[in-house]
Amino acid sequence: MRYSFCMLEKTNIPLIRALNLTLVSLCFAMLPNPVHADSLPERIDLFVSLFDYNSATTSYDIRSIQTDFPTRLLTPDSMLPQTSEYPLKDIQLLYKLAQSCTGKLPLSPLITEPLVFTRSLCKGSSLSPRWFARSGLIHPGGGTYAFRYAEKYPAQFANLLPYMHIQERPNAAEGTLLYHLQNMGEDAINALVSGASMFGSGSDLWLRKGDIYYLFNEETWLTNANKAGLSYSLLSADNTCFIQRGNICWDVEDHSDLLRTSMIILVIANIFLVLGWSGYRWNSKRQEMRSRMLILQILTHELRTPIASLSLTVEGFRREFEHLPESLYDEFRRLCEDSRRLRQLAEASKDYLQSDSKPLASDWVPSVEEWLQYKVEEEFSGNVTLKLNQDIAAKLNVYWLGTCVDNLLRNAVKYGVAPVTLEVITQTNLVTFKVTDQGSLTHRDWRHLRKPFVSKSGLGLGLTIVESMVGRMGGKMSLEGPPTTFILEIPCETDTASR
């Protein structure tokens, strides 16, 4: 399951792919070395075998420890009242006797030794070191007989030291056995008393080989644990211990935190790289669009020369109009109209290309009603009904707005359901155009229809252009229905006083 942390999503971006490969290599490098033993006990055995006992900081013979420091002089429980070994009532009587040296004597045979000790203190009679050696060492009230006796007879303190608990003795010099014992925790003391194969105390590892305990410093301990692929913690109530040796809980070395950190770094790096790559692509596209716009500007500028020449030619024909045969009148009219439209298109394109993201230029239309009425009658031959709430003068971009309205009307006539209506609502600083047919499109279809090259009735590209132009004029376009209604809202200057 560890290898799943290093499974990364494929990408076609070379820089991100290179980073992914680098971090994958790092992930696998952090995984446990395959030469490690498979099972946890085998790894612990490997850990033990890595120690050089000649490099131990010191060593102690367990038999000497047992001789010099009996178990009762080591365990912390010995410093507490021994209520589990003596009748509580007799301990209470013994306590009263020790306080006043008078009173009823306890009768339990278990209390004989403490009674002898207490009466000796009351009478002032001496006790030889041999008595302490033969005794149970620990007083029923906790602590040793020797320490209690030395409190009353300080001159005997040095002679009675071997019979005192390690916590009752003066602090030993650093590096001595007593120093190590006095600084051990309860779990370490219990591990030592039980003869555990290893246990930890402070920064030292006590490692048993035969009857000898060898002490190794923390650096050696950690180095060998890493080599064996192990992690450890000292025994506590909060830990779940899979395999315990002394007071040490062993587990396979866990790289999950490091791997998790690496994956977070990878995700963040990928995000920044994707953002950088997206910014680079956006700038590249923007530069490409600018180059194309420049070319279009040049072409538009160059088109003005032949259009101007064509206009002069048409003007020459106009001056000789009376000499033209009647059979050419219709062709000449179309030539004049096409020449005018070409000139408008060139000017509108120049305006569009030069304005960049600015609103398109606009001119005053003296009568919105007359402008639209001419468009409806001339170009749609009565297939479209015009409705206008109030005629006004408005400042509009006639060419592009006319193109947008034409596009919507042609779509409605060609793909919609008759009758088709163009409704114009004029307000102060706003003109709204509504192109309605009896189709069934609703506002839910707008997101799909506005995509370029959508094949639904061939509307996609035209609507995309219309929406773009409306946006350039500072307006907005929307769809409502049924019936199908395309709405153009164009902010503009208006003037009702001139009407």
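Placement of Cβ uses the backbone N, Cα and C atoms for every residue, glycine included.
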Among the candidates Cys27, Cys101, the one bonded to Cys122 through a disulphide according to Swiss-Prot is Cys101
Using all protein chains in view, find how many other C-beta atoms are within 10 Å of the C-beta of Cys241 (disulfide bond). 14
In the three-state DSSP scheme, Cys241 (disulfide bond) belongs to coil
Quiz question: given the disulfide-bonded residues Cys101, Cys122, Cys249, which has the greatest number of C-beta atoms lying within 10 angstroms of its own C-beta? Cys249
How many whole Å apart are the CA atoms of Cys122 (disulfide bond) and Cys249 (disulfide bond)? 50
In whole Å, note down how far the CA of Cys101 (disulfide bond) lies from the CA of Cys241 (disulfide bond). 52
